[in-house]
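Have a look at the structure below before the remarks.
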Amino acid sequence: MPGIVELPTLEELKVDEVKISSAVLKAAAHHYGAQCDKPNKEFMLCRWEEKDPRRCLEEGKLVNKCALDFFRQIKRHCAEPFTEYWTCIDYTGQQLFRHCRKQQAKFDECVLDKMGWVRPDLGELSKVTKVKTDRPLPENPYHSRPRPDPSPEIEGDLKPAIHGSRFYFWTK
């Protein structure tokens, strides 16, 4: 029926949460962006095309899974330098990177040595990229309404306006 909204079940919505603070997210942002680029862009493309978050639950679960795997790898291989780095960011008043360059260098070195991840250059993750996806294109990606007939038939005779043109207020 057109007026009934189908809501997902609780089992469909159940995922493990990424329970971390903003300082941890900020410290890991560059490497996370490089490692989880594809699932994040797939999810954002789905959200933009579908305009309905219920249709993008699977893509959202993949984003969450990638984030959890990413932070587990960081914890397993580079926990100490990463903790020093995000703690430094957390203790600076405005969470600025410039006060923590030494800790950042240690963390980047650890990530490069143990996992082979290179910190992306500034602006590399914000470049426009094409997303290759296996999802089918939505039937109506812009959610536009059907266009009306350009020149509808006018029914009956049209009479001139009673007071003439309404263009000027002083016309009768």
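Each residue, glycine too, has its Cβ placed from N, Cα and C.
Taken verbatim from Swiss-Prot:
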type	residues	note
DOMAIN	33-74	domain 'CHCH 1'
MOTIF	36-46	motif 'Cx9C motif 1'
DISULFID	CYS36-CYS66	disulfide bond
DISULFID	CYS46-CYS56	disulfide bond
MOTIF	56-66	motif 'Cx9C motif 2'
DOMAIN	75-118	domain 'CHCH 2'
MOTIF	78-88	motif 'Cx9C motif 3'
DISULFID	CYS78-CYS110	disulfide bond
DISULFID	CYS88-CYS100	disulfide bond
MOTIF	100-110	motif 'Cx9C motif 4'
REGION	133-159	region 'Disordered'
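Location within the structure of each feature annotated in Swiss-Prot.
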residue : record         : Cβ neighbours (10 Å)
CYS36   : disulfide bond : 19
CYS46   : disulfide bond : 22
CYS56   : disulfide bond : 22
CYS66   : disulfide bond : 19
CYS78   : disulfide bond : 23
CYS88   : disulfide bond : 21
CYS100  : disulfide bond : 22
CYS110  : disulfide bond : 19
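Under 8 Å from some Cβ of the domain 'CHCH 1' (33-74) lie the Cβ atoms of residues 6-8, 12-13, 15-18, 20, 24, 82, 111, 115, 117-120, 124-125, 129, 131, 133, 135, 137-138, 141, 143, all in the same chain and six or more residues away from its ends. You'll find the Cα of CYS110 (disulfide bond) roughly 17 Å from the Cα of CYS88 (disulfide bond). Note: the motif 'Cx9C motif 3' (78-88) comprises 11 helix, 0 strand, 0 coil (DSSP; helix = H, G, I, strand = E, B).
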